[in-house]
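Just below is one structure, and these are the notes that go with it.
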Amino acid sequence: MSQQGISLDLDLQIAVDNPRLPTQAEFETWVRAAIGQTKPVVELTIRIVDIAESQQLNSTYRGKDKPTNVLSFPFEAPPEVELPLLGDLVICAPVVEQEAIEQNKPLIAHWAHMVIHGSLHLLGYDHIIDEEADEMESLETQLVEGLGFDNPYKEA
């Protein structure tokens, strides 16, 4: 199955006034890259938010009272229930923009990285333990470079 063979239902919610957001098609391309061959049918929501909403969600769900670039909320169904729902990503547009500036990266490349990073979290990847972090970063780098962008972890 190719990436294009994946049935993707992406609910893109824009809750911030920002004319420099990626297109629906770009978000779909990045999700498809991250999902790869793992699932033939996928449903997920990506919500683009402002600083206040990101900070509130980060405080509520992670105990960190500050905004963050991406939050991942995997859908957890009982083992006997098979649903294509992968989960939700919440991405803070102002944080992504600021990070791109600080890291001297093209904004579109950083958006791609954040969508891939969040999607991998929805698939169960994590970066709390060094070994898992290395695996996740390696996969992120491979996927981002496969889309024609530079290694997101390379020092600018």
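Each Cβ is built from the backbone N, Cα and C atoms, and glycine gets one as well.
According to Swiss-Prot, the protein carries these features:
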- His117, His121, His127: Zn(2+) binding site (BINDING)
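Residues His117, His121, His127 make up the record's Zn(2+) site, and a Cβ search at 8 Å around their centroid adds Val70, Ser72, Gly118, Leu120, Tyr125, Asp126, Met136, Glu140 from the same chain.
Every protein chain considered, the tally of other Cβ atoms within 10 Å of the Cβ of His117 (Zn(2+) binding site) stands at 25.
Neighbour count (other Cβ atoms within 10 Å of the Cβ, all protein chains): 16 for His127 (Zn(2+) binding site).
Within the same chain, residues at least 6 positions away in sequence whose Cβ sits under 8 Å from that of His121 (Zn(2+) binding site) are Val70, Ser72, Pro74.
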